[in-house]
């Protein structure tokens, strides 16, 4: 790709003649922007960027700044020559024949039928959209003439626009977003510290809140059931009335509320029984969460390791994107016949612009042109470019999964060194994170690459299935759609399972240094021997971390809302004037959520590592003097004297 590719095809837009806009030492050196004769013919922005819009495209030095139609300009060229001179700069080079009939000009596409106030975006002229009092406009107008005598609405050019995001983008990217993300980072750190003291309180408040809400639901169902007593028709059954599209009809039946009440009672009983029989395991899960906060407190550098993972993933994305661009631009210009007539049999066929005028295509299809379509070729290399793109995507998936695996193994090694320290923090090694990173790079690169390879293969299969599903969407074969749906579901489940296995395998690799397959097997059977603890710990951890992410994103979102609506007196002068603030507000909220997710992923890895170490500790040691437990005192107390007594032979 790097030998055959030409990135100029991406850097510079290409006109209908296959010439680059803005390239030095060419006729288009000062014409850096691509102009579309009739942007209404372009189906979507993707078509525009790929330069396959079925309309003539020219390189221009600047975009139009006014509304005008060729019919009006031609009719007034004698007494308004300035308008004609302005309009013809958007016509084909060398065209200056206002006496040519309008029908012939538009048929031959010598000039655009209209020009619209535009501005450059991605080096292409797009309509200059703006919103005023919630109404989409172009140059303060909501309608325009399309050059055929028809008045159209600007929504035909674009269905939706939100100029406020562009107005506020410098503020969001430099000031608002950075401030919001910094606040999110501080709040995330505080939440992780507070979990050490409030994990149990938060969990039990939530549990008893759920029990209370379900209890209220049971009472309300009974009240509705009793209230409907004696009302005509309320004693009918669901079978009597059959299927109804208005579901409010079912709420008038006593049987409906009785069913709701029974269902809620069953759920309430299940939750209470689980709390009774799993209370000890829930206490262990909460203790491990507190222990995780304590471990992070001793190894604070782990909180900033996601930055390293982000940099590695950014490098992988850059490598993939550059290679993909070179692959996509490694062909020769391909020209196709563009005809205004829909019945032209030569439309969309390849052509040679040098010999096109000598063929009979223009006679059979008046107004047809041989225009640039895309870059490609007929050689063996060009025929397999799609396969090369798949290979490039596979390399990308493999590298990204390896970067994630490296981060997980590094964090697991650091937290394992904390757990297996006899005296905490005195026996914790110096620089545990850097030591763990060095061990992972020196000794475990092959194991991490192998685990990443397995996951990348499954992900590539999922990508191919999504591609096939997209291609077969229009098919009427229900069996094919059903088969694809089943395959997508199965491989989604397989990917989730492999991620779970890989994550725990990397922890065992960090602890014992064994190969991937052995570590995965030992981790799997260790988890199966503690399956109930695994389920309880996962649910408790997921709930508390999800609560933390919502707290961080919601808190920063509220502050951003007050900032954008100028309700904070101190920053009222700094806030921009906006008609719509939802897009910048959502940008801050999503960014805050991602920051919180990065910090909390470290916490989740810490808890998972400590849990596996805890299970290993229970199986390998018995609490005796010869084999003492390495767990904390709080876990000692929860397990009780019975489990801490020496194992019987």
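From the backbone N, Cα and C atoms, a Cβ is placed for every residue, glycine too.
These features come from TrEMBL:
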type	residues	note
TRANSMEM	172-194	transmembrane segment
TRANSMEM	201-219	transmembrane segment
TRANSMEM	257-278	transmembrane segment
TRANSMEM	298-322	transmembrane segment
TRANSMEM	395-420	transmembrane segment
TRANSMEM	441-465	transmembrane segment
TRANSMEM	543-564	transmembrane segment
TRANSMEM	585-605	transmembrane segment
Counting only pairs 6 or more apart in sequence, are there at least 3 Cβ pairs under 8 Å between the transmembrane segment (585-605) and the transmembrane segment (395-420)?
yes
Test the contact criterion for the transmembrane segment (201-219) and the transmembrane segment (543-564): 3 or more CB pairs under 8 Å, pairs 6 or more apart in sequence, then answer yes or no.
yes
Using a Cβ cut-off of under 8 Å, list the residues of the same chain at least 6 residues beyond the transmembrane segment (441-465) that approach it.
390, 393-394, 397-399, 401-402, 404-406, 409, 484, 487-488, 491-492, 494-495, 498-499, 502, 505-506, 509-510, 513, 515-516, 519-520
Are there residues at least 6 beyond the ends of the transmembrane segment (298-322) whose Cβ is under 8 Å from a Cβ of it, and what are they?
189, 192, 392-393, 395-396, 399-400, 403-404, 406-407, 410-411, 414-415, 418, 424-425, 428, 432-434, 598-599, 601-602, 606
